[in-house]
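TrEMBL annotations:
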ACT_SITE  131  active site, phosphoserine intermediate
BINDING   81, 194, 196, 354  Mg(2+) binding site
BINDING   81, 359, 363, 400, 401, 477  Zn(2+) binding site
SIGNAL    1-18  signal peptide
């Protein structure tokens, strides 16, 4: 069994390397937008989703009693990639059990926030979402197609020419903050060019176009449709970000280069984008620093430069439980340094923080790693809450999509969350309390009977995979709604069930940035004024 699993996983890795693909998110056949019939055709426009969000805000204004004096100077959005509701329940239980409690009664930091909502995660062309269409929704306020970033659903995946039409381009809440004179930054445990962080700054017809070579692989022109790393360094809003912290050095370096830890660059255009970033800052006569390990980051934090770029791995950052603590900063450390840097702007800031490897561990059916990454994000939220006042800083914690991990069985209170259920299947074989409906952890049945995974020699090791029903190279996302936890100005506005694309509009409402309704706008004030005061305002306007 061990040999089978080793060979199976090795084959997956070799195949992924051979094709240079993201093994967690394999390519799929796309649905042509031409096949979308009315009334769905209206969803191809940005206007449809903007209007939907503004209608939702108006309805909440009427229903909720909120103060127009509560305005968010700072907005921090935490994104747990793949952090489904069952993931939250299991992670809080593991956290409690690590503290020698039964576990179920424990609480992740953000679960204590005063408002909780639910967001619907589907894409325009897909029932179950990926991290690109969801990023476009929760950062740009518009739903679009699976695998596409920062463009409306009028652009099919991989269609470079369609993406050149500027009417399909949509800005993120980071761009709205910058336009208001605030600062912006991104922090992630994935490659900084991966789908979720790329949603903050990129406009790309394919999430996989992280470097110019990937654009060429789709027979497209990288000089027409710039790759995601290039956009971060050379285009707005990415080139204005004060803080950029994550992984992914390989996407910034030419194939002729080897990075500090031995990873080969992947760019075929000969560019060194890290050097380009540095030259840009020199031309602006601002202070800057590029760092690639934890020691350098901590030294930079003692006297923070105007601009900080940190790329800590060739690809994704290491899982917390496997990380080299000498070279790898924690998500909480990254978050603290980003907030300290951005807080120097008196007008405020927008910061995006992603716990991105929750998703990757789920894809590999490695549940212990997934839950620990969730706990690490909770620690990062704790740090942000300590540094920022609840009076003027909005903190939003959510997920982009779910996964197919199940929390099942009839196990007694306080039982090991990472262990087997108290019950057994009809053949008397144990099954895990945390199982998956699909993925690479499938074990072939013997004599039409499931094998006992608890008897495996590598059982419960970090890279051990929980058992699954359906064999796949990579476990799939789930179509569940995801939770939204909010603290700070106008937090009540985030209650209820709504489209994921309402999230940036709600954040903009609280922060008074970007298009649409704002809590500080004249229209909003009139809605919330007492009748007598409203009459006085109207009379004054009639006579002036």
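The count begins at 1 with the first shown residue.
Using N, Cα and C of the backbone, Cβ positions are placed for all residues, glycine too.
Nobody curates TrEMBL annotations by hand; they come from automatic prediction.
Long-range Cβ neighbours of residue 400 (Zn(2+) binding site) (same chain, at least 6 residues apart, Cβ-Cβ under 8 Å): 79, 81, 82, 121, 129, 131, 134, 135, 138, 196, 482.
Non-local contacts of residue 354 (Mg(2+) binding site) by the CB criterion (under 8 A, 6+ apart in sequence, same chain) comprise 78, 79, 80, 81, 186, 187, 188, 189, 190, 196, 197. For the pair formed by residue 477 (Zn(2+) binding site) and residue 194 (Mg(2+) binding site), distance between Cα atoms is given as 16 Å, rounded to the nearest Å. A sphere of 10 angstroms centred on the C-beta of residue 359 (Zn(2+) binding site) encloses 29 other C-beta atoms.
Residue 131 (active site, phosphoserine intermediate): 29 other CB atoms within 10 A of its CB, across all protein chains. Recorded residues residue 194 (Mg(2+) binding site) and residue 363 (Zn(2+) binding site) have their alpha carbons 16 Å apart, per Cα-Cα distance. For residue 477 (Zn(2+) binding site), other Cβ atoms within 10 Å of its Cβ number 25. Around residue 81 (Mg(2+) binding site), taking its Cβ as the centre, 30 other Cβ atoms fall within 10 Å, counting all chains. In sequence order, 82, 130, 131, 358, 362, 399, 402, 403 are the same-chain residues whose CB sits within 8 A of the CB centroid of 81, 359, 363, 400, 401, 477, the residues recorded for Zn(2+) being left out.
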